[in-house]
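Q: So TrEMBL lists these for the protein:
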type	residues	note
DOMAIN	70-408	domain 'UDP-N-acetylglucosamine 2-epimerase'
BINDING	Arg511, Thr523, Asp551, Glu600, His603, Glu622	N-acyl-D-mannosamine binding site
ACT_SITE	Asp551	active site
BINDING	His603, Cys613, Cys615, Cys620	Zn(2+) binding site
Amino acid sequence: MQLRCGMESHLCTNPHELYYQRTRSERMEKKDVTEHNYLKKKLRVCVATCNRADYSKLAPIMCGIKSHPDDFELEVMVLGSHLIDDYGNTFRLIEQDGFEIGSKLHTIVRGEDEAAMVESVGLALVKLPDVLQRLHPDILVVHGDRFDALALATAAALMNIRILHVEGGEVSGTIDDSIRHAISKLAHYHACCTPRAEQYLIAMCEDHSRILLAGCPSYDKLLSTYHKDNYMDVIKSWLGDTVQKHDYIVALQHPVTTDIQHSIKIYGLMLDALLSFNKKTLILFPNIDAGSKEMVRVMRKKGIEQHPNFRAVKHIPFEQFIQLVCHAGCMIGNSSCGVREAGAFGTAVVNLGTRQTGRETGENVIHVRDADTHNKIYHALELQFGKRYPCGKIYGDGNAVTRILKFLRTIDLDEPLQKTFCFPPVKDSFSQDIDHILETQSALAVDLGGTNLRVAIVCMKGKILKKYTQPNPKTFEDRMQLILKMCFEAMWEAVRLNCRILGVGVSTGGRVNPQEGVVLHSTKLIQEWSTIDLRTPISDAMHLPVWVDNDGNCAALAEKKFGHGKGVENFVTIITGTGIGGGIIHHSELVHGSTFCAAELGHIMVSLEGPECSCGSRGCIEAYASGMALQREAKRLHDEDLLKVEGMDMKLSEPVTAAHLITAASLGNPKADAILNKACTALGVGIINILHIVNPSLVILSGVLASYYQNPVQHIVHGRALLSAQSIKVVTSDLEDPALLGAASMVLDYTTRRTY
């Protein structure tokens, strides 16, 4: 027979030439135990079996352990469906095989639904501690992916008993995967079947030195028993005297507990296809999982048990079952036997549904994942029935038990019981590290100036990581469109810089209601910018929180978080730029006032008959000391040909600015010097008024004119303020861009709520 010859050739292959015999010497050297240590203490091994399927995998291991009494003591624990009459009382087969059962645990709660499975796990967990304490094994051997096995592994792990998990690392596409992987995480040692399963266990961070690539233990038995000469006697005993080899079907379908209704549907369609196919069929009852009761009802409703073409059975001894699968014309269903053991014989298989999705299969398997009628299944049977495929060796070569026993001998019981995981190298997470927070948590800062519109990414440390500048459009629509465009551009850049944007802060001129995010009245520098809701359109577009405040207030917030005001409870910031603005920090809080104009410091009046101010009044600080006021005076002197002095380099095409006035004064121009003295006096007097009203401990000058004004203003304060205020320092800001930093500080302070 061609099949037999092919398999005999396979069996004669030198096992050292098979991939299952990949050298493990490097790993074994680390855990090598001398013969002296072997003889020191027998390893007490408890093998726990829950059902007919796992017993077929565990029985060869049990035989191997029993045959080496000098090395091992075998204890056998039986639980689960082994002890249920409806499932064949299969514990008797264990006893017939010559094994003494040390403990029998009735752990199944009948009901065959999801709740019954959970209750069965709970019942097992209640009963197992007493048994494990009595047996006191060194190693507990558990198999596979059953809920009973999960209870075993859980109890053993909690009781500090070492666990060897057989057939971990595999994937089958159902709840079994979750249970199997959970058992793997509880287990201390692993005996897996395929190189892929080994790699999956390694990927699950299991210690490679504790993983044995053994092959499937059932192959040790099936490869040595499948070709017995009495196979026709076995076939006839189960299917009748008229049945010939390769002319019958073996059917075995189990419920998929994560999709019970689909399981029942596929089961019914399989039965319809088998009825139509009209071949002798040996059909096994489904296992005890949730949904099995409904599947049995479907089988009985269709009269399968009474149909002459069918033989429905609850259990078949493993050696006989192997003969039946080996010589079948086809196997159908979703049992793992179809994708594992059947491949060793080249038996054609039709795998139904999703229960074995992810399993490694040979070319002998075709899949019917879903079907609305039985026609698709029937067609699959037509394609497969009677075919013979090359014998596969995906799951084993017949030498698994030898490897497992050798592996058990290497276990050092003096090693720490606590298992360790081999996590792959990863970049350390600094999510709660202050340096990481300061570097990555950032804000988008927007500054609406009279000339330019600026957007910046500002990190928690106050560093401006990226800044964008565009001319400020004249109309509201164009301005809003440009703000959003620049913000989105900055957001993309933030992703590249690995910055987490927490929100948007907007600094703008004029009177602002920060509670509503509305600009109430703007300055003449920003036209069409009154009663404008800035918060809503930006927040809606960016999906981020938005804060809005006056640019002077923002400058004060910037100093409070990043500048001279850090840790100062009461101080005042004054911006000396195109206009004059500022902010007041009192008891560490920004002062807004009842109508949000408490910090309009540039419009403190220092003269009743002074020059006209941009606010419409006269004699304001801004009318004397702002950049615009100095530029106005510089132009007047230039028009009167009184600005330029000897040594002053000034091109004819160059626009006249406040800088020319300062240069002229430094070169001895008396007119320019008088104007600047008046500006310094106006600013100094205004600051004295602030000192007498708010009594801050520090004055911070900010803006392009700050360095020029600092010494004169400090001198005026020292000479003209009340004695109690004369010692208050006037300093120049060190911040790169107070308006942007202040806008960012609103975001960084309000979103993090942390103090560093």
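All positions are counted from 1 along the displayed chain.
The backbone N, Cα and C atoms fix where each Cβ goes, and this holds for glycine too.
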Q: Quick one: mean pLDDT on the domain 'UDP-N-acetylglucosamine 2-epimerase' (70-408)?
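A: 91, rounded to a whole number.
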Q: Could you work out which of the binding-site residues (Asp551, Glu600, Glu622) has its C-beta surrounded by the smallest number of other C-beta atoms within 10 A?
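A: Each of the binding-site residues Asp551, Glu600, Glu622 was scored by Cβ atoms within 10 Å; lowest is Glu600.
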Q: Taking just the CA atoms, what is the gap between Arg511 (N-acyl-D-mannosamine binding site) and Cys615 (Zn(2+) binding site) in Å?
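A: Distance between the two Cα atoms comes out at 12 Å.
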Q: So for His603 (N-acyl-D-mannosamine binding site), how many other CB atoms are inside 10 Å of its CB?
A: 20
Q: Which of the binding-site residues Asp551, Glu600, His603 has its Cα closest in space to the Cα of Cys620 (Zn(2+) binding site)?
A: His603
Q: To the nearest whole angstrom, state the Cα distance for the pair Cys613 (Zn(2+) binding site) and Glu622 (N-acyl-D-mannosamine binding site).
A: 7
Q: Across all protein chains in the structure, which of the binding-site residues Arg511, Cys613, Cys615, Cys620 has the highest Cβ count within 10 Å?
A: Cys620
Q: Between the Cα atoms of Glu600 (N-acyl-D-mannosamine binding site) and Cys615 (Zn(2+) binding site), find the distance and write it as a whole number of Å.
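A: On Cα coordinates alone, these residues lie 11 Å apart.
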Q: How big is the Cα-to-Cα gap, in Å, between Glu622 (N-acyl-D-mannosamine binding site) and Cys615 (Zn(2+) binding site)?
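A: With the alpha carbons as reference points, the distance is 9 Å.
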Q: Within 8 Å of the Cβ centre of His603, Cys613, Cys615, Cys620, which other residues of the chain have their Cβ, at the recorded Zn(2+) site?
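A: Neighbours within 8 Å of the Cβ centroid, excluding His603, Cys613, Cys615, Cys620: Glu600, Gly602, Met605, Ser614, Gly616, Ser617, Ile621, Glu622, Ala623.
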Q: Roughly how many angstrom lie between the C-alpha atoms of Cys615 (Zn(2+) binding site) and His603 (N-acyl-D-mannosamine binding site)?
A: 8
